[in-house]
Amino acid sequence: MRSYKLDEFVAHSGAVNCLRIGRNTAGVLATGGEDKKVNLWRIGQPHVIQTLVGLNSPVECVTFDPAEDKVGAGAANGTVKVWDLDTGKVCCSLTGHRSNCLTIEFGPPESNIVVTGSLDTNVKVWDLRRKDSITTYKGHSRGVRKLAISPDNKWVCSGSESGELKLWDLASGRNVKDGWSHDNGITGIEFHPCEFLLATSSSDRTVRVWDLEVWEQVETLGPETTAVRAIAYHRDGRQLLTATSDALKVWGCEPAVHHDTVQMDWRNLVDMHLTYKDDQPRVIGCCCNNSAVGVFLVDLRKVAPFNGGATAAAATAAAGPAVACSGGTHAAPVSYASSASQQQQQQQQQQQQPYNAAPSRMSSREVASAGGIGAVPANGRDWQPQATAAGLAAAKSSSAPGDMAVAAGAAAAPDPIVAAMAQRPLLKADLTRMVTALQLAKGFVARGNLEGAYKAALSQGDAAVACMLVEAVQSRQDAFELNSVEPLIKLLELLLAAGQEQQQAVGLSALALVLRGPGQVVREVCGGPGPVGVDLSYEQRKNKCLLVKMCLEGLGMKLGVLARGSGPVAARAQLLVEELRRVVGSAGPQGPGSNDNSLAEQIINVVTSIPFFVIGMQGLRRRRCPRGRHFSLAFMAVGIAAAGYHGVNPSSPLRPLLRKMDYYSICYCSNVLRRAAHIGLPAPLRVAALLAAPVKPTAVTGLNLLLVESKYLRSALSHAHLRPSFKLHLGTGLVGMAAFAYEDIANGMRWPPVLHSLWHCLSAVAMGCFGQLLQHQELLLMLEGVQVEACS
């Protein structure tokens, strides 16, 4: 197999906006997201090794410096920050862009510069020592999306959303060339590693090659079927790799000829890097989908023309001093097999001719002074392919958080891709296991046993197997029968929890069929009147419907979490949230609830349940009337029920039951409060409230509180000492109920994760204010000569 999906993992709590593969080791990855964080990963190990914070808006672009000692990122508010990976702290903060910073590139290490492009159409060059802008390049009509610095660090090319290309001189700040363009936004810019050529890719589905000697376009590759998302030159410059959303193509540069195509599934490819292991080329590509990141590997040893092995290398070495291509004759790339004298001669020529171009062309460009912007490296090499490390270097001492730079002279660690492949189960074994599971399910389906097929796929716990099975049986009429739908719902829960958008879409499509088929049966049987007399078949059917209803309630949390995202999948999930609510009915609280989506939120909700218990304990010490003490005990029970509900794992089967108990405890507490306030109800209304409490606890709670609120208002109007507590009660109660209604009734919408805990605190204070009313009632009873201890 020529390509592999090496890994897939959730990288951020929000959507991933950008990512970048480290060019030095090709073993690290930086991602930036809507959560305003930059996360660092070792490729092949889906566990974050360092999180960089400090930006106040979503991250729009991110990159490593050449040594992978620093990370730079640009934010949506135009701010640029650079972190030192040894300390994990911001070492430089740059402000000056008036809009989103869309792209960032580091200059050579000795120059201490960073180049950024922004939606404000400007390109800025920053000095990291002065922490200020050196130069601002203006001239683009749309936002600057891509930047590339030439191999000799003297030129920078910028590409915009409108397809414009501009070439700038880093030393002088002047515009060297403009007027080149694509028909749509620029997606990639690559300088030829050895020759005076520039390749650019665009959303117009083409790759164009420009000659930097004669200033004209010399090649157009394409058009492809979709936008070209990334390009990369081989280090000897003889091949150019182009990537679309579904393929990787290899082109020969001299002449421009298509060698091979590798079919890929990196639909949202963001970055691609060509790296080398023991001089064998391979491609690492990273794509993102919402909050997930996928890592792909292409073994070019099995791709033409690289599968020629030593023959191809020999052909490269024997190509001669000059090679003809469609743009004219250019100097041949530097041969790595040159003799010592040839290498010395080439180095002398390169010090005089940094671009391997004609001497007449170089006479117009002088080498910048050493140490300045665009200075020639000390080793004298200029526009030469940089050596790529074979793998990640051994990690330094872990005293600093997330240390990952390479100590000088440290031995290189084993190649990260090879290590990851070794740790990961063999692809053949994975495929064999999946095929076995699908064959087993196919046997059940052939015998008409859909329930057995669902259970076979469920036992694997593999979302891919579940997705293929559900997608295959959706067209069958017997796929969504009541008797077999229970394990199917559990399969759909597995799909909705998967990170793949395609799997989630299949799960939502099948869920819609479940709700319109067996779901309607559940609604009629569980919500309608029962038969007259004894009907055993009806009882069995009702028990089955109750089990299916419990499964749908358990699915509700996964669906609610998915609905709070963005995009078409979230929009579809929001519609199904309403449809699910209609199916399971409104008889009391349903499902496990949609809060406690993270461990931190769960802990906060448990902690903020304590005020109910504390206020109840204080009331128990102060109340002398048995009804008042009864209310205090009920109020403490509310805190215990809330802590139990939020303390259990959200995926636990006990969660729906504990949620009901939470609602019932609040309903019971409101009923006790009404009695403690000496508010009577007519017998028919009292019986109706008692019967409605199990199925409509929120409605009964509302009725009780409405009656108590009315009495509290009348008492506050006639007794001035109750007015401060009533005002506090009214303010906290209104805000708390608004938070509760927004979270619980408008299920499927986004809300801050602390909203439920805010309701806890506000409602505890509001209910605690009723103590003043009860104390007032006790005082009135004493004035009337009633023994408070004996009141009932």
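Using N, Cα and C of the backbone, Cβ positions are placed for all residues, glycine too.
Those TrEMBL annotations? Automatic predictions, nothing curated.
The annotation repeat 'WD' is assigned in TrEMBL to 9-51 (among others). Remark: secondary structure over the repeat 'WD' (9-51) totals 0 helix, 26 strand, 17 coil, with classes taken from DSSP.
Among the features that TrEMBL reports, repeat 'WD' is placed at 52-93 (among others). Across the repeat 'WD' (52-93), the prediction's mean pLDDT works out to 94.
Feature annotation from TrEMBL assigns repeat 'WD' to 94-136 (among others). Same-chain residues lying 6+ beyond the ends of the repeat 'WD' (94-136) with a Cβ under 8 Å from its Cβ atoms: 60-67, 70, 72-82, 142-149, 153, 156, 158, 160, 168, 170, 173, 371-375, 377-378.
Feature annotation from TrEMBL assigns repeat 'WD' to 137-178 (among others).
Annotation comment: TrEMBL describes 179-220 (among others) as repeat 'WD'.
Residues or ranges marked as region 'Disordered' by TrEMBL: 336-380.
According to TrEMBL, the feature compositional bias 'Low complexity' maps to 342-353.
Residues annotated as domain 'Katanin p80 subunit C-terminal' in TrEMBL: 436-578.
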Secondary structure content of the repeat 'WD' (52-93), with strand meaning DSSP E or B: 0 helix, 23 strand, 19 coil
Tally of residues which DSSP labels helix, strand or coil - the domain 'Katanin p80 subunit C-terminal' (436-578): 114 helix, 0 strand, 29 coil
Residues in the repeat 'WD' (137-178) grouped by DSSP into helix, strand and remaining coil: 0 helix, 23 strand, 19 coil
